[in-house]
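Peer 1: Features from TrEMBL:
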ACT_SITE  196  active site, proton acceptor
BINDING   59, 98, 129  Mg(2+) binding site
BINDING   59, 60, 98, 127  3-methyl-2-oxobutanoate binding site
Ligand code: KIV
(Lines of atoms letter the chains of each structure in order from A and count residues from 1; the text may use other names and numbers.)
(Lines give C-alpha, C1' and ligand atoms only; values in the text may rest on other atoms or scores of the structure.)
Protein backbone atom coordinates (compact mmCIF):
# COMPACT_ATOMS: atom_id res chain seq x y z
CA UNK A 1 0.00 0.00 0.00
CA UNK A 2 1.26 3.49 -0.84
CA UNK A 3 1.73 5.94 2.03
CA UNK A 4 -1.01 8.20 0.65
CA UNK A 5 -3.50 5.34 0.55
CA UNK A 6 -2.57 4.33 4.09
CA UNK A 7 -3.10 7.84 5.44
CA UNK A 8 -6.39 8.06 3.54
CA UNK A 9 -7.59 4.76 5.03
CA UNK A 10 -6.73 5.98 8.55
CA UNK A 11 -8.43 9.33 8.04
CA UNK A 12 -11.49 7.54 6.65
CA UNK A 13 -11.44 5.54 9.88
CA UNK A 14 -11.37 2.31 7.89
CA UNK A 15 -9.34 -0.75 8.73
CA UNK A 16 -6.96 -1.52 5.89
CA UNK A 17 -7.29 -5.04 4.59
CA UNK A 18 -4.72 -6.62 2.34
CA UNK A 19 -6.51 -7.88 -0.76
CA UNK A 20 -6.46 -11.60 -1.47
CA UNK A 21 -4.73 -12.71 -4.65
CA UNK A 22 -5.03 -15.91 -6.64
CA UNK A 23 -1.61 -17.08 -5.47
CA UNK A 24 -2.55 -16.47 -1.81
CA UNK A 25 -5.84 -18.32 -2.32
CA UNK A 26 -4.06 -21.32 -3.85
CA UNK A 27 -1.39 -21.29 -1.13
CA UNK A 28 -4.07 -21.27 1.57
CA UNK A 29 -4.87 -24.91 0.75
CA UNK A 30 -2.15 -26.06 3.12
CA UNK A 31 -2.08 -23.08 5.45
CA UNK A 32 -5.54 -22.01 6.53
CA UNK A 33 -9.25 -22.52 5.88
CA UNK A 34 -10.80 -19.95 3.57
CA UNK A 35 -13.92 -18.03 4.67
CA UNK A 36 -16.19 -16.99 1.83
CA UNK A 37 -19.54 -15.20 2.09
CA UNK A 38 -21.98 -13.97 -0.51
CA UNK A 39 -23.00 -10.31 -0.79
CA UNK A 40 -25.28 -8.51 -3.18
CA UNK A 41 -24.91 -4.85 -2.22
CA UNK A 42 -22.40 -2.27 -1.05
CA UNK A 43 -23.75 -1.91 2.48
CA UNK A 44 -23.46 -5.56 3.45
CA UNK A 45 -20.26 -6.08 1.44
CA UNK A 46 -18.63 -3.37 3.58
CA UNK A 47 -19.73 -5.20 6.73
CA UNK A 48 -18.35 -8.51 5.45
CA UNK A 49 -15.06 -7.17 4.11
CA UNK A 50 -12.90 -7.45 7.21
CA UNK A 51 -13.57 -11.09 8.03
CA UNK A 52 -13.97 -12.76 4.67
CA UNK A 53 -11.26 -14.02 2.34
CA UNK A 54 -13.48 -13.72 -0.73
CA UNK A 55 -16.91 -12.25 -1.43
CA UNK A 56 -19.11 -14.05 -3.93
CA UNK A 57 -21.84 -12.15 -5.72
CA UNK A 58 -23.96 -15.27 -6.08
CA UNK A 59 -26.85 -15.63 -8.48
CA UNK A 60 -28.69 -16.71 -5.31
CA UNK A 61 -29.57 -13.01 -5.24
CA UNK A 62 -32.41 -14.04 -7.53
CA UNK A 63 -34.13 -15.52 -4.44
CA UNK A 64 -33.61 -12.46 -2.20
CA UNK A 65 -33.96 -9.64 -4.70
CA UNK A 66 -36.40 -11.03 -7.23
CA UNK A 67 -38.26 -13.41 -4.90
CA UNK A 68 -37.77 -16.11 -7.55
CA UNK A 69 -38.02 -19.86 -6.92
CA UNK A 70 -34.63 -20.59 -8.46
CA UNK A 71 -31.59 -18.79 -9.89
CA UNK A 72 -32.35 -19.36 -13.55
CA UNK A 73 -33.89 -15.99 -14.37
CA UNK A 74 -30.98 -13.88 -13.09
CA UNK A 75 -29.51 -11.85 -15.95
CA UNK A 76 -26.00 -10.71 -16.81
CA UNK A 77 -27.02 -7.06 -16.39
CA UNK A 78 -28.31 -7.81 -12.88
CA UNK A 79 -25.13 -9.65 -11.93
CA UNK A 80 -23.03 -6.76 -13.25
CA UNK A 81 -25.12 -4.22 -11.33
CA UNK A 82 -24.76 -6.12 -8.02
CA UNK A 83 -21.07 -6.90 -8.59
CA UNK A 84 -20.37 -3.19 -9.12
CA UNK A 85 -22.15 -2.41 -5.87
CA UNK A 86 -20.22 -5.07 -3.93
CA UNK A 87 -16.87 -3.91 -5.35
CA UNK A 88 -17.72 -0.33 -4.37
CA UNK A 89 -18.65 -1.35 -0.82
CA UNK A 90 -15.69 -3.68 -0.31
CA UNK A 91 -12.86 -2.29 -2.45
CA UNK A 92 -10.20 -4.36 -0.65
CA UNK A 93 -11.99 -7.66 -1.19
CA UNK A 94 -11.46 -10.37 -3.76
CA UNK A 95 -14.90 -10.27 -5.40
CA UNK A 96 -16.24 -13.05 -7.62
CA UNK A 97 -19.17 -12.60 -9.99
CA UNK A 98 -21.39 -15.64 -10.47
CA UNK A 99 -22.11 -16.09 -14.17
CA UNK A 100 -25.87 -16.46 -14.62
CA UNK A 101 -27.66 -19.28 -16.40
CA UNK A 102 -27.37 -19.20 -20.19
CA UNK A 103 -24.42 -16.80 -20.36
CA UNK A 104 -21.72 -19.46 -20.87
CA UNK A 105 -23.37 -22.07 -23.07
CA UNK A 106 -20.39 -22.17 -25.43
CA UNK A 107 -16.81 -20.91 -25.44
CA UNK A 108 -17.44 -17.72 -27.44
CA UNK A 109 -20.53 -16.74 -25.51
CA UNK A 110 -18.80 -17.41 -22.18
CA UNK A 111 -15.81 -15.24 -23.10
CA UNK A 112 -18.06 -12.44 -24.35
CA UNK A 113 -20.12 -12.52 -21.12
CA UNK A 114 -17.06 -12.63 -18.85
CA UNK A 115 -15.36 -9.80 -20.75
CA UNK A 116 -18.46 -7.70 -20.05
CA UNK A 117 -18.11 -8.50 -16.33
CA UNK A 118 -14.41 -7.59 -16.31
CA UNK A 119 -14.98 -4.44 -18.38
CA UNK A 120 -17.86 -3.11 -16.31
CA UNK A 121 -16.90 -4.17 -12.77
CA UNK A 122 -13.82 -4.59 -10.61
CA UNK A 123 -14.54 -8.32 -10.09
CA UNK A 124 -11.36 -10.35 -9.63
CA UNK A 125 -12.92 -13.55 -10.98
CA UNK A 126 -16.07 -15.24 -12.24
CA UNK A 127 -17.79 -18.44 -11.13
CA UNK A 128 -19.04 -21.10 -13.56
CA UNK A 129 -21.18 -24.12 -12.70
CA UNK A 130 -20.26 -27.43 -14.34
CA UNK A 131 -17.88 -30.38 -14.24
CA UNK A 132 -16.06 -32.33 -16.96
CA UNK A 133 -18.66 -31.32 -19.56
CA UNK A 134 -17.86 -27.61 -19.09
CA UNK A 135 -14.07 -27.91 -18.64
CA UNK A 136 -13.48 -26.73 -22.24
CA UNK A 137 -15.35 -23.51 -21.44
CA UNK A 138 -13.27 -22.92 -18.30
CA UNK A 139 -10.12 -23.58 -20.36
CA UNK A 140 -11.18 -21.04 -22.99
CA UNK A 141 -11.77 -18.42 -20.28
CA UNK A 142 -8.55 -19.01 -18.35
CA UNK A 143 -6.53 -18.94 -21.60
CA UNK A 144 -8.05 -15.54 -22.23
CA UNK A 145 -7.05 -13.99 -18.88
CA UNK A 146 -10.31 -14.62 -17.01
CA UNK A 147 -9.88 -16.05 -13.49
CA UNK A 148 -12.39 -18.82 -12.90
CA UNK A 149 -13.82 -20.35 -9.74
CA UNK A 150 -15.48 -23.67 -10.59
CA UNK A 151 -18.70 -24.99 -9.02
CA UNK A 152 -19.43 -28.72 -8.93
CA UNK A 153 -21.61 -31.14 -6.96
CA UNK A 154 -25.15 -29.87 -6.50
CA UNK A 155 -25.41 -27.11 -9.09
CA UNK A 156 -28.43 -24.84 -8.64
CA UNK A 157 -28.52 -23.91 -12.34
CA UNK A 158 -29.20 -27.58 -13.16
CA UNK A 159 -32.29 -27.67 -10.90
CA UNK A 160 -34.85 -27.98 -13.71
CA UNK A 161 -32.87 -30.41 -15.86
CA UNK A 162 -32.09 -32.58 -12.82
CA UNK A 163 -35.65 -32.33 -11.47
CA UNK A 164 -34.69 -30.81 -8.10
CA UNK A 165 -31.80 -30.14 -5.75
CA UNK A 166 -30.12 -33.48 -5.14
CA UNK A 167 -27.30 -34.25 -2.71
CA UNK A 168 -24.40 -35.79 -4.64
CA UNK A 169 -21.70 -38.34 -3.88
CA UNK A 170 -23.93 -41.05 -2.49
CA UNK A 171 -22.45 -43.88 -4.57
CA UNK A 172 -18.86 -44.86 -5.41
CA UNK A 173 -19.63 -44.14 -9.10
CA UNK A 174 -20.84 -40.62 -8.31
CA UNK A 175 -17.82 -39.95 -6.09
CA UNK A 176 -15.60 -41.02 -8.99
CA UNK A 177 -17.50 -38.69 -11.33
CA UNK A 178 -17.13 -35.78 -8.92
CA UNK A 179 -13.39 -36.41 -8.59
CA UNK A 180 -13.16 -36.43 -12.42
CA UNK A 181 -15.13 -33.15 -12.49
CA UNK A 182 -12.80 -31.49 -9.98
CA UNK A 183 -9.68 -32.68 -11.80
CA UNK A 184 -11.01 -31.50 -15.17
CA UNK A 185 -11.86 -28.04 -13.82
CA UNK A 186 -8.44 -27.82 -12.13
CA UNK A 187 -6.69 -28.88 -15.35
CA UNK A 188 -8.68 -26.20 -17.21
CA UNK A 189 -7.02 -23.57 -15.02
CA UNK A 190 -9.58 -22.73 -12.32
CA UNK A 191 -7.99 -21.30 -9.16
CA UNK A 192 -10.49 -22.89 -6.75
CA UNK A 193 -13.77 -24.80 -6.80
CA UNK A 194 -17.06 -24.47 -4.90
CA UNK A 195 -18.32 -27.90 -3.91
CA UNK A 196 -22.00 -27.84 -3.02
CA UNK A 197 -24.33 -30.40 -1.43
CA UNK A 198 -22.20 -33.55 -1.31
CA UNK A 199 -21.68 -36.33 1.22
CA UNK A 200 -18.65 -35.68 3.42
CA UNK A 201 -16.90 -38.83 2.18
CA UNK A 202 -17.11 -37.50 -1.38
CA UNK A 203 -15.93 -34.05 -0.29
CA UNK A 204 -12.88 -35.61 1.33
CA UNK A 205 -11.95 -37.56 -1.80
CA UNK A 206 -12.37 -34.47 -4.00
CA UNK A 207 -10.41 -32.19 -1.64
CA UNK A 208 -7.53 -34.66 -1.60
CA UNK A 209 -7.62 -35.21 -5.36
CA UNK A 210 -6.77 -31.65 -6.42
CA UNK A 211 -4.14 -29.05 -5.58
CA UNK A 212 -6.49 -26.04 -5.72
CA UNK A 213 -8.70 -25.12 -2.73
CA UNK A 214 -12.13 -26.70 -2.48
CA UNK A 215 -14.67 -24.36 -0.89
CA UNK A 216 -17.55 -26.34 0.57
CA UNK A 217 -21.19 -25.52 1.12
CA UNK A 218 -23.11 -28.42 2.56
CA UNK A 219 -20.00 -30.58 2.09
CA UNK A 220 -18.92 -31.15 5.71
CA UNK A 221 -15.78 -29.85 7.40
CA UNK A 222 -13.21 -31.65 5.24
CA UNK A 223 -12.88 -29.00 2.54
CA UNK A 224 -10.30 -26.17 2.34
CA UNK A 225 -12.86 -23.51 3.19
CA UNK A 226 -16.55 -22.74 3.51
CA UNK A 227 -19.00 -20.48 1.73
CA UNK A 228 -22.40 -19.46 3.07
CA UNK A 229 -25.15 -17.32 1.61
CA UNK A 230 -25.31 -14.19 3.81
CA UNK A 231 -29.10 -14.13 4.13
CA UNK A 232 -29.13 -17.79 5.29
CA UNK A 233 -26.36 -17.41 7.90
CA UNK A 234 -27.70 -14.13 9.24
CA UNK A 235 -31.28 -15.36 9.49
CA UNK A 236 -32.92 -13.06 6.95
CA UNK A 237 -34.04 -15.90 4.70
CA UNK A 238 -36.59 -17.61 6.92
CA UNK A 239 -38.68 -19.69 4.51
CA UNK A 240 -36.59 -22.74 5.38
CA UNK A 241 -33.16 -23.55 6.78
CA UNK A 242 -31.09 -26.11 4.89
CA UNK A 243 -29.38 -28.64 7.19
CA UNK A 244 -25.90 -27.29 6.44
CA UNK A 245 -26.69 -23.68 7.38
CA UNK A 246 -25.65 -22.34 10.76
CA UNK A 247 -27.57 -19.20 11.72
CA UNK A 248 -25.21 -16.71 13.35
CA UNK A 249 -27.92 -14.06 13.77
CA UNK A 250 -31.70 -13.94 13.91
CA UNK A 251 -31.74 -11.07 11.42
CA UNK A 252 -35.40 -11.43 10.43
CA UNK A 253 -36.59 -11.38 14.04
CA UNK A 254 -34.35 -8.43 14.97
CA UNK A 255 -35.72 -6.41 12.05
CA UNK A 256 -39.33 -7.20 12.90
CA UNK A 257 -38.76 -6.13 16.52
CA UNK A 258 -37.04 -2.90 15.42
CA UNK A 259 -39.80 -1.98 12.96
CA UNK A 260 -42.48 -2.78 15.58
CA UNK A 261 -40.68 -0.46 18.04
CA UNK A 262 -40.48 2.25 15.37
CA UNK A 263 -44.23 1.95 14.70
CA UNK A 264 -44.99 2.16 18.43
CA UNK A 265 -42.77 5.25 18.79
CA UNK A 266 -44.39 6.95 15.77
CA UNK A 267 -47.92 6.20 16.99
CA UNK A 268 -47.20 7.26 20.57
CA UNK A 269 -45.40 10.42 19.46
CA UNK A 270 -42.10 9.33 21.11
CA UNK A 271 -40.35 9.60 17.75
CA UNK A 272 -38.89 12.04 16.87
CA UNK A 273 -37.65 13.47 20.18
CA UNK A 274 -36.33 17.02 20.80
CA UNK A 275 -32.77 15.71 20.12
CA UNK A 276 -33.88 14.44 16.74
CA UNK A 277 -35.34 17.80 15.64
CA UNK A 278 -33.65 20.56 13.60
O1 KIV B 1 -25.27 -18.26 -5.84
C2 KIV B 1 -24.67 -18.52 -4.79
O3 KIV B 1 -24.86 -17.87 -3.75
C4 KIV B 1 -23.77 -19.66 -4.81
C5 KIV B 1 -23.34 -20.20 -3.49
C6 KIV B 1 -24.39 -21.12 -3.02
C7 KIV B 1 -22.02 -20.88 -3.57
O8 KIV B 1 -23.43 -20.14 -5.84
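In case you wondered, yes, glycine gets a Cβ from its N, Cα and C as well.
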Peer 1: What other residues of the same chain, not counting 59, 98, 129, have a CB atom within 8 A of the CB centroid of the Mg(2+) site?
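Peer 2: Near the Mg(2+) site, beyond 59, 98, 129, sit 58, 60, 71, 74, 99, 100, 101, 127, 128, 151, 156, 157.
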Peer 1: Just how spread out is the 3-methyl-2-oxobutanoate site if you go by the largest Cα to Cα distance in Å among 59, 60, 98, 127?
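Peer 2: Spelled out: the longest distance between any two Cα atoms in 59, 60, 98, 127 is 12 Å.
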Peer 1: Give the three-state DSSP assignment (helix, strand or coil) for residue 59 (Mg(2+) binding site).
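Peer 2: Once the DSSP labels are grouped into three classes, residue 59 (Mg(2+) binding site) ends up as coil.
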Peer 1: Rounded to a whole number, how many Å is the Cα of residue 127 (3-methyl-2-oxobutanoate binding site) away from the Cα of residue 98 (Mg(2+) binding site)?
Peer 2: 5
Peer 1: May I ask for the distance between residue 129 (Mg(2+) binding site) and residue 196 (active site, proton acceptor), taken between their Cα atoms and rounded to an integer number of Å?
Peer 2: 10
Peer 1: Of 59, 60, 129, listed as binding-site residues, which ones have a Cβ less than 6 Å away from ligand 1?
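Peer 2: Cβ under 6 Å from ligand 1: 59, 60.
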